[in-house]
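Undergrad: Relevant sequence annotations retrieved from TrEMBL are reproduced here:
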- 429-461: repeat 'ANK' (REPEAT)
- 538-570: repeat 'ANK' (REPEAT)
- 573-605: repeat 'ANK' (REPEAT)
- 756-788: repeat 'ANK' (REPEAT)
- 791-823: repeat 'ANK' (REPEAT)
- 826-858: repeat 'ANK' (REPEAT)
Amino acid sequence: MTLPQHSSPAVDFLNLTLFMVSNKVFTLNSDIGKNVYNWIQRRSDVGVLEYLLSVGGPTAEALAEQFFSLAMEEKDAPTVKRILDSGLDPNELRWSNSWCQLTASTSLRTAQPGACAVLLDAGADVNSSLRNTESPLSCLIKRIVVNCDDDDIENSDIDDIENSDIDDIENSDIDDIENSDIDDIELVQVLLRVGANVNPPDESPLTKVASSCISKLVAVLLSAGADPNFSDDHSGTTPLAAAVRSVGPISDIISTVRHLLQAGAHVNAVTPGYDGEPETVLEAASSSSSVDLIQILLERGAHVTESALVGAVEVGDLDIVNLFLSSSARVTQKAIKAAARLGKWGIFWHLLDSAEDSIKESSLSDGLTAAIRRGQKDLIDTLSTSGAKLRGSPGLTAAIQAATSRGDISVLRLLLSDGSKYRATAIESLDCALCLAIARGKSDVTTLLLTAGADVNDRNTETKSTPLLEAIRQKDAGLSQKLLAAGAEVNTTITNYEGIDDRCTTSAPPAAVEFGHHPLIRDIIAAGGDVNAPAWEKGKTALTIAVERGDSTIIRLLIDAGADVNASAASYFGHTALSAAVRNNDINMVHFLLDLGADPNEQSLTAAVYKSVEVMQTLLTARLARYKYFSTGFGCPTLQHAIASSNAVMIEALLSSGVNPNTIVRFHYGEYKNFVHSSVEGHRESAFGTAIRVDKSKDLWVIQMLLHRGADPNKIVNDTGDNTALLSAINQERPELVKMRIAAGADVNLPPVKQMSATPLQRAVERGKTDIIDILLEQGADVNAPPCGRNGATALQFAAINGDIGIATILLAKGANIDASPAKVRGRTALEGAAEHGRIDMLQFLLDAGAQLIGQGSEQYARARELASENGHIAALRLLEAYYARQVMAI
């Protein structure tokens, strides 16, 4: 559709814009779409929209579809009516889901009622919806729930919901909604009166309203037959359960609950709670602190469960607890324990008095444990006087640890003193209390625990630490010596250590070396400390730490004690002694460790990128001398580092030594994880792929350097996509890179193989890059190369999908097959792709260019119709049908 006016920049721009709108080149809510819509609206007095709609033809019809959706989004009832009066059927626009669009605005009281009336007058189906989407009624109710006015709806007086009000609403007529002052609830009622399903399949509008406790709307839906016991298939929630879980005002919750119960809601229904566990309505309500709500549910026969009683205890409401007890609730140990745990001592004693004798002793013990954990010594004395006994349990262990963490010496002395009746049980429950006391620097508690006989080898299971390690970290040589003398172990076995093995040994020497206390280091080694075991936190061995510190005395001491310069744990974590020396740029230490047999591996090589060339050359020479050749992939991660750092000297050193720029680097779990450059992390690519991605220099010197040193422009450069070097350049939309790759030998007709999904020309067309397309065609790119088997497309098919007539014209001029077969999996012919995306002018272009709809083209015609219909492109569907009839008539 072209405006029949003399050409001018303004007219040309408008023609282009209208073309883009009608061909759905951009989304409806884009700035361009809204600007065009507003421009036309501002010229309503001269009839621009009427003129455009009267022009006729496929493009005008497609334009009407787009403007209809924009008008619906704007709640512009007059424009909606004008468009529908032109012959558009609102029920054909399934893709736009106009009813749900109508209810999607944050303003439900402006032009919405008028648009609603227009749709109803035009015969819109109030129960139509997209597949897997909510019904129109649910869409409207969802927006009411989100945007409801606190004063207008949520706080409606219960008296306002009597039958007289509802009758007034029920008597509303469609014509009433022309009035923009219509109430939201009246609009819901109008939809119900014209046939909206109050119980749509697989969803419950009532549950949505009940969850916000809009009691007036709940009454409306129930009067229309809403199911008060609907159970959502996804969440399992019922309207009553949703209401009692609401966080709204309690008066609204109570009003809503009354309506639901009067309508027959099951008061003992069990639904999944917030944690997914089964929960009754009363259990959900017990956290509300509302005696009135609880009373209503009890009067309706709600059963008092243990969980309901515990919930009341956790809220701390004694009135509700008493209400439950008066309803014959059974007091359980779990409820009493909850009261103690939360420090609700009034409820604790009250429940204890009401409990059966069989649980009183154990409940007193639970209370004593809770008092210890909370440090309430007066309560400890009271409970002790009441005969409370201390029982060993995880809870007691946690209580002692809590006392230890806060340095509560008085409570701990009460438990651990020689004359304490609790001493034996408390000692058995110490667990890692000693480790915790040392870590927190609680020296008086540490002394008390050691005096009481705390196990010097009890390990903190969370931190994997031991008392000895914590003492070393505290730099307390005296305490460390004392622990060693008491039998503290210097080696510890840890299970599931960072995936290295099911079991791994960690040792005290690394921590001692970090401390730097030479006598202590000697004592630990003398005690059998494993000098090759890693530190728990960092995975470093003692030798690595010593090299980092540059402490030659400790290094000699460790070597003499059997320290392995290639310890497996250090190699796994990338913290070898050699890499530490490299990071220190200490060439003498590098030679010293190499002479001792240190492996010049990838970690040390990577560290050298940021140091001297002498260190790098030393490592490369040592590697070749040891292994005679570089194994596949060796040096490639390091080369990536050098490229990412734009370090020309190191790039040259690595390439001249034979490092292959075409090998894709695939890191395994843990491998080099501490030394992956931020520009490389997450990319499974070759060094050449890294260069293509990060080299933004004007002369592309890094890429040039790699091409001169053997980088292959036809090799796959990464695992995360489908890219050769040429495809990668096209993806980056850089014509100069494309020319460079072709000059270096890149094949412009390299077929889609393995994970590759496009030829270079197909990729350029997909990207819409005419300049790159011209370069490829000049070099002989095949316009009819078949598509990749999965999700692929020919060059013309990509152009059709994108609606790019200019590129399609170029391709057809080069002999592109207009009816080429699609990809085997999720493929589209050019005609099908244009129909699926509503590219109305592209459809007409292809049909005028000879796309077949009958004979061999009958299958693509049927498929194109189906795709246009499924996506709501009615103008495209009519165009196809018209051309089909024309081709049939021509036979």
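Count begins at 1; order follows the chain as displayed.
Even glycines carry a Cβ here, placed using N, Cα and C.
Relative to the rest of the structure, where do these features sit?
TA: For the repeat 'ANK' (429-461), the DSSP-based tally of helix, strand and coil residues reads 17 helix, 1 strand, 15 coil.
Averaged across the repeat 'ANK' (538-570), pLDDT in this predicted model comes to 92.
With a cut-off of 8 Å between Cβ atoms, the residues of this chain six or more beyond the repeat 'ANK' (573-605) that come close are 498, 534, 538-541, 543-548, 550, 559, 565-567, 611-612, 614-616, 618-620, 622-623, 626, 634-635, 637-638, 670, 672-675.
Through the fold, the repeat 'ANK' (756-788) approaches residues 716, 722-724, 726-727, 730-731, 733, 735, 738-739, 742, 746, 748-750, 794-799, 802, 804, 806-807, 810-811, 814-817, 820-823, 827 of its own chain, all at least 6 residues removed from its boundaries and within a Cβ separation under 8 Å.
Helix, strand and coil content of the repeat 'ANK' (791-823), in residues and according to DSSP, is 17 helix, 0 strand, 16 coil.
Residues in the repeat 'ANK' (826-858) partition by DSSP class (helix H, G, I; strand E, B; coil) as 20 helix, 0 strand, 13 coil.
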Undergrad: Below 8 angstroms Cβ to Cβ, which residues of this chain, lying six or more residues outside the repeat 'ANK' (826-858), approach it?
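TA: Answer is 19, 22-24, 58-59, 61-62, 65, 787, 790-794, 796-805, 808-809, 812, 818-820, 864-865, 867-868, 871, 873, 875-877, 879-880, 883-884, 887-888, 891.
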Undergrad: How many helix, strand and coil residues does the repeat 'ANK' (573-605) contain under DSSP?
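TA: With helix first, then strand, then coil, the repeat 'ANK' (573-605) has 21 helix, 0 strand, 12 coil.
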Undergrad: Treating G and I as helix alongside H, and B as strand alongside E, what does DSSP give for the repeat 'ANK' (756-788) in helix, strand and coil?
TA: 17 helix, 0 strand, 16 coil
